[in-house]
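Here is the structure we will look at.
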Amino acid sequence: MKNYIEIIDVSARQVLDSRSNPTVEVDVILEDGTTGRAAVPSGASTGIFEAVELRDGDKSVYNGKGVLKAIENVNTIIAEELVGMNVLDQIAIDKTMIELDGTDNKGKLGANAMLGVSLACAKAAAEYLGLSLYQYIGGVNAKVLPVPMMNIINGGEHADNNVDLQEFMIMPAGASSFSEALRMCSEVYHSLKSLLKAKGYDTGVGDEGGFAPNLNSNEEAIQVIVEAIEKAGYKPGVEIFIALDPASSEIFEDGKYNLKGEGKVLTPQEMVDYYANLVAKYPIISIEDGMAEEDWEGWRLITERLGTKIQLVGDDLFVTNTDRLTMGIERGVANSILIKLNQIGTLTETLNAIEMAERAGYTAVVSHRSGETEDTTIADLVVAVNAGQIKTGAPARSERVAKYNQLLRIEDELGEMGEYRGLKAFYNIKK
């Protein structure tokens, strides 16, 4: 087996994501015929500091969401440079694309074009070496199965209802294995569905497979989840915890937080009080994007108030970007980063962000996007880096379930070497 294996072809095509929007899929072929394929996800509530997702803008085709320009960039500019390169040198591949793009936000080539190529190269390399993707990326120490952060009630941008906060999730941190954690979540999901039906609520699902009932308040969403956990036979706050993603940047207007569904307009301090009240009443272990991406003072307030009690995840705040994360670490805000590959655009930069977070004592939560495909890269990534937490939707809709099923396969492959850390995955909580 050679330590230099040439890339002989890089090509992209337009495929559909789970919201019926076009996205980029890339094939990378090696000199021995080995192929790697990756499809790129897309977000609905996107941070303003994210790398650029290149869309065509022609309203007559796919409502302007076509990605033919990104595909052309893969098939010409990127392919011309990468053909002949060593697929086993991921850093050189990603560095070459970053230099080809030449912008600070992937605005020329598009993060969707670059990420598709980056991941397809990694998959081709793993296939050539006869390794699982998590083994190739993480090496012999890749062994930690993640605690799922499972979205079971959708609101905000992910659903057409009057619930302001975007995601209400469950985390089975009290499970003893990943497969048990998944079973617990599935049982709570079914329990929740029957409860919602009994209460006369709609059980249609949102983009990520969670239910999207027209509840009266955000607190009612938490209450019905607690009820569903108990109905399924589990103890809230012992076996299963609650996580929230308010996606606060979406409700931040003129320096205040507008909870339209509840008829409230709150200052940053009042918003922190709102969360603190919920944390005191319910078994909440994690809040993501509790404050808006540009509300640094709000982030300081929430970190002072809750930063030793619960996990505070920065998504729009950090956008998987080491420059943004450095600012957060220096200012002492948040204690966790959400990792979304397409926010930054290459595997190398993603790994750098995870490493920086962990060195600073921040956890890293590997995440899907609301527009997903059958691609399961993030399941391998979360094990590769021993992150210990994954956010990839409800146990419904096959683009979500694909990731969970891949994790079951990895758990099976690791056998006794595999480790499910449960509450130990929250090393950022000091209480």
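Cβ coordinates are placed from backbone N, Cα and C, and glycine is handled just like the others.
Annotated Mg(2+) binding in Swiss-Prot involves ASP245, GLU288 plus, out of the candidates ASP254, ASP273, ASP315, the residue ASP315. Per Swiss-Prot, the candidate among LYS143, LYS391 that belongs to the (2R)-2-phosphoglycerate site alongside GLN166, LYS340, ARG369, SER370 is LYS391. Comparing local CB density within 10 A for the binding-site residues GLN166, SER370, the maximum falls on GLN166. Of all the recorded positions in the list GLU208, ASP245, ASP315, the shortest Cα-Cα distance to SER370 ((2R)-2-phosphoglycerate binding site) is found for GLU208. Around ARG369 ((2R)-2-phosphoglycerate binding site), the C-beta neighbours below 8 angstroms that are at least 6 residues distant in the chain are PRO41, SER42, GLY43, ALA44, LYS340, ASN342. With the fewest other Cβ atoms inside 10 Å of its Cβ, the least crowded of the binding-site residues LYS340, LYS391 in this structure is LYS340.
Here is what falls inside 10 Å of the CA of ASP245 (Mg(2+) binding site) among the recorded positions GLN166, GLU208, LYS391: GLN166. Within the same chain, residues at least 6 positions away in sequence whose Cβ sits under 8 Å from that of ASP315 (Mg(2+) binding site) are GLY47, ASP245, ALA247, GLU288, ASP289, ILE337, LEU338, LYS340, SER367.
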